[in-house]
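Written below as structure tokens is the structure these notes are about.
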Amino acid sequence: MNTHPENNIEDPARASAFKAKRFALWLFIIASFMIFASLSSGFIVYTAGGIDKGIKIILPKAFITSTVVIIASSITVHMALLATRKGESMKRKILLALSVLLGLGFFASQFHAWQVLVEQGAFFINNNASQSFIYVFTGFHLVHIFAGIIVLLFAFFRPLNKYSLSQNVYNMELSAMFWHFLDILWIYIYVFLLLNQ
Amino acid sequence: MATTTTLPAADYNHNDHHDHGHKETFITKYVFTQDHKMIAKQFLITGIIMAFIALFLSILFRLQLAWPEKDFPILEVFLGKWAEGGRIKPEFFLALVTIHGTIMVFFVLTAGLSGTFSNLLIPLQIGARDMAAPFMNMLSYWFFFVACVVMLASFFVESGPASAGWTIYPPLSALPTAISGSGTGMTLWLISIGIFIASQVMGGINYISTILNMRTKGMSLWRMPLTIWALLFTAILGLLSFPVLVSAVVLLFFDRSMGTSFYLSDIIVQGQILAHEGGSPILFEHLFWFLGHPEVYIVILPSFGIVSEVISINSRKPIFGYHAMVYSLLGISVLSFLVWGHHMFVTGMSPFLGGVFMITTLIIAVPSAVKVFNYIATIWRGNIRFTPAMVFSIGMVSFFISGGITGLFVGNAAIDIQVHDTYFIVAHFHLVMGSAAIFGMLAGVYHWYPKMFGRMMNNRLGYLHFWITFVGAYFVFIPMHFMGIDGVPRRYYAFTSFEFMEKWLSVNVFITWSAIIAGLAQVAFAWNFFHSMKHGKLATQNPWGANTLEWTTPIERIHGNWPGELPTVHRWPYDYSKPGHSEDFIPQTVPYSETMSSNLPHDFEGNPEAEKIQREWEAQQLVVDEESK
């Protein structure tokens, strides 16, 4: 493991720059959560507009599959973080690859859910926009998942030996934090939709 | 390699060397720069150019309002089919007001104002070498630049720019067939604002994380200048509210392009019933104003901060009620999220809900009044220096008072229902957030020009600029109040088409002439600004006798700000005219041990050691005095 002094995270200036970056990621998470918060309140305002509004269907089972898949991916990402801490780069690579696959699986599962919705007659282009909102929520979330998969791929292809251990751990912590956020965000969306179905 | 033990300064220089190589090229220095000071100048100059474009648009529609029956052949020369026969077309008139509003609110007073001064002042005033993420900072500017280009490009498409007003309410904005501006122009508007939001979020994240994580030694939160407090709250507001606009705009995009019905219902266009059913345009208004109201505070808060600083420095007095100033900024920021409904009193909102929004709106008057009171109390019996920055700051307070008073009127649902969408509203917000924010921005430009360019601006031109603009703005907006009370609606094209509005034509002529003259005064500013860059008087290191850290940096404006170690802060930034001190200012970097003659008991924040040393020194002074007698 390369512990070149200029990459040493214990250097106070670098430590504070890292702290600032982690903080910036939190701020980004807040900003992106605001999108979903505003969609939720938009949904509530819209649905309160009339008794013919509302989801009015049973949500597809595929959403449960998605939930299981994304929770599993969160676990593998966390294990990848643990492996990074211990410097087990092979194990880390396998776990990250697994996480990316699970992320793609989540993608597929969500697409499948959309198909089920279409079969049920709950189209995106719909005079009951409460149903359109399901697509908007999941679509916005998928855009984030897409970004998350790119983040995981960056972590996967990161040339570990070019950086110090502490830098690698730090980098992996940020990636994991973002991925866990996507996981929690999905659970929020799913619970929100379930409560309104 | 000594990096592990070096000072942060050396470490920084090392990074700098590492990133940029030995020589800075034109591209890395002026175009894709990561130096916060250069990015600030990019924001400022882009903002100024956009402001001139928006000003020009406003003069165009003012011509139409003043002389609706008259032809101006010159207009046809450069507007072509939008002004056939020298008369502006109704569609183009709507496009003009829309783009004027959009440019002024988003591109000038959001990005141009907080983008400029956040970038310039945050690292300099908190004692940091640069932003937390300089690369993201650079991206923030270039996203802003692209957004500007896309917005202006809409003037060159066949169907013209967006024309649904800067608030782009559906259904007008949602149906490409509704008016010509709702076609490609509207699409470009949405793209431009999407890019703009990305720029703001990147900038905002950077500003907040820099302020909270990268303050120099001794710079506790309660020692930050009020500019930094204001910019912090501005960035927080932007971060929380701009994402909401993303949702609103994306849903609008789906309605426009994909046929969903979030905002649309029961619409007949040209005899054809549209398939959209069940949507609610009110939903858009909720989402839009949840951004839109914080947005007006994003516009005014940086001006508050700048004016606090400038007034304190030029009155040679500590700011009155520093803590109250911070808490009122906080109060305004929190309340700004709870008042969006006051833009929607006429949407059929339940009177109870209207009452709630009315109360929250009127409560904002309290922190606003605290701020105004504190500005006046700071000036009160001060040793006032009427620099151009100072007169613009006083002008800002004046506009904020006269515009704020009508805010009490329109905040009341009962009155607002009468004056909604009339010139009364136009007058109100142009004074309270338009003119006030612009004057705050100009005060900031005149004040920090020496820091940005190392030269001074010309004072005489500054005063000329101030007086014509100040009087001109009042001449433009005061008469509009009366038009609004008479019920004259805003955004109407021809006053001659309605009998009750015809008598206001003469007033419109007066307003237009005032606007033209005030507009010409901006040429004095532009000349002063660009000419002084090369030919202005050379600035000294601290031309205003100010306390804050930016005036301890060398005039040469090096990358990294301070040549050696970062400065250490020992006191708050407002020790002006402190009794017992030889000079009328004490910079933040001066420790209390060097100002024994002026220290006060509360300076030590209850530190017994320091208090003891001070008492011993004072006792010794008494002995010295006795002996000299």
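Easy rule for this one: first residue shown is 1, then count along the chain.
Placement of Cβ uses the backbone N, Cα and C atoms for every residue, glycine included.
What TrEMBL lists as domain 'Cytochrome oxidase subunit I profile' is B:26-594.
According to TrEMBL, the transmembrane segment annotation covers B:43-63 (among others).
Using a Cβ-Cβ cut-off under 8 Å and counting only residues 6 or more beyond its ends in the same chain, the transmembrane segment (B:92-117) has close neighbours at 40-41, 43-44, 46-48, 50-51, 53-54, 57-58, 60-61, 64, 79, 82-83, 140-141, 144, 147-148, 151, 154-155, 160-166, 168, 179, 181, 185, 189, 193, 196, 199-200, 203, 227, 231, 234-235, 238, 295, 298-299, 301-303, 305-306, 433-434, 437-438, 440-441, 444, 448, 491, 493. Per TrEMBL, transmembrane segment is recorded for B:92-117 (among others).
According to TrEMBL, the transmembrane segment annotation covers B:138-157 (among others).
The list of residues near the transmembrane segment (B:186-208) in space but at least 6 beyond its ends in sequence, with Cβ under 8 angstroms from a Cβ of it, reads 98, 102, 106-107, 110-111, 114-115, 118-119, 122, 131-133, 136-137, 139-141, 143-144, 146-148, 150-151, 153-154, 157, 161-162, 164, 168, 173, 176, 231-232, 234-236, 238-239, 242-243, 245-246, 249, 252-253, 256. Per TrEMBL, the feature transmembrane segment maps to B:186-208 (among others).
Sequence-distant contacts of the transmembrane segment (B:229-254) (same chain, six or more residues past either end, CB-CB distance under 8 Å): 110, 114, 117-118, 121-122, 168, 170, 173-174, 190, 193-194, 197, 200-201, 203-205, 207-208, 211-212, 260, 262-263, 284, 287-288, 290-291, 294-295, 297-298, 301-302, 304-306, 308, 325-326, 329-330, 332-333, 336-337. TrEMBL lists B:229-254 (among others) with the feature transmembrane segment.
Taken from TrEMBL, the feature transmembrane segment applies to B:287-307 (among others).
Taken from TrEMBL, the feature transmembrane segment applies to B:319-340 (among others).
Residues of the same chain lying 6 or more positions beyond the ends of the transmembrane segment (B:352-377) and with a Cβ under 8 Å from any Cβ of it are 304, 307-308, 311, 319-321, 324-325, 327-329, 331-332, 335-336, 338-342, 345, 393, 397, 400-401, 404, 407-408, 411-413. Marked as transmembrane segment by TrEMBL: B:352-377 (among others).
According to TrEMBL, the feature transmembrane segment maps to B:389-411 (among others).
For B:423-449 (among others), the entry in TrEMBL reads transmembrane segment.
The feature transmembrane segment is assigned by TrEMBL to B:461-484 (among others).
Marked as transmembrane segment by TrEMBL: B:504-530 (among others). Residues of the same chain lying 6 or more positions beyond the ends of the transmembrane segment (B:504-530) and with a Cβ under 8 Å from any Cβ of it are 48, 52, 55-56, 58-59, 62-63, 65-68, 442, 445, 449, 457-458, 461-462, 464-465, 468-469, 471-473, 475-476, 479-480, 482-483, 486, 488, 495-496.
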Restricting to the domain 'Cytochrome oxidase subunit I profile' (B:26-594), report the mean pLDDT as a whole number.
94
